[in-house]
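Below is one structure, written out as structure tokens; the observations come after it.
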Amino acid sequence: MVLEASMIIVDNSESSRNGDYVPSRWEAQADAVNLIFSAKTAANPESSVGLMSMGGNTPEILTTLTTDIGKILDGLHRTKIKGSSHFTTGINVAALALKHRQNKSQKQRIIVFTCSPIEEDEKELVKLSKRMKKNAINIDIISFGELGEETTRKLEKFSEACQSTEGSHLAFIQPSSNLLSDSLVTTPILGGDGSAGDAGAGGAGGEGGDAGGGSFEFGVDPSVDPELALALRMSYEEEKARQEKDKKAKESAEGKSELEQIAEGDEKQPLLDDQGQPSGSGNKDKKDKDDPDKMDTA
């Protein structure tokens, strides 16, 4: 089980008011933060998690590294949605908080939620990413919402530059009827296999490590917390079942549209002929009379 100190950065910019995630982007983040904290501390009771925001006028540390979920929830409750996000500054502040962790044997990880455009240019982001890698800080990015091609490309370049043996991951999670936390379970960030597919989860560098979860599925030891392990497994199975159902429905709809384009051979032939007999029966009788090979059984 990996001993880690993790700083979670939430995006509390104005973009987090959007309701394309259930019940809103901000509430979806809060639910996912709770899940990540439980997974990290269940994987190793000595692991600690901190919380900070990167929206508003400037990033703010909401909760220093702790093992108390109550402090994390209090930090989320005190957070106000305002302003724009400060991606680079937020990561720098989180790295500083990790540097001053009490237990120096803890490995360092930053988990960033982002649902708003990134203003910094690509070169600046790559430079920051390489500096984080040099300081042995792994970074997981959870991108959700319609961010556009430019922001997506910036995140991909950032994630590529900070890859290490411990594993840094990038997950794109598209809006759906499911909770953000349910989709997050299937990503390498929480020890999933990254097979979220249509849900939009894509891991960058997913093979580089185990997302801090040790060798246990979803980063949780079932013998330590069987209820959490079961809940994670159920969420994962429900997400896979939903994707399979959507896939079959899509294939069925495509197959039906193809069949509708094929006209039946006798589609225009009336059901009854002029004498009120089933159409085609007269031709059949005539054929039977004219058939010289037919045996006379009279």
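Cβ atoms here come from the backbone N, Cα and C positions, even for glycine.
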61-87, 196-222 - the one TrEMBL records as region 'Disordered': 196-222
Stretch-averaged pLDDT - the domain 'VWFA' (5-189): 92
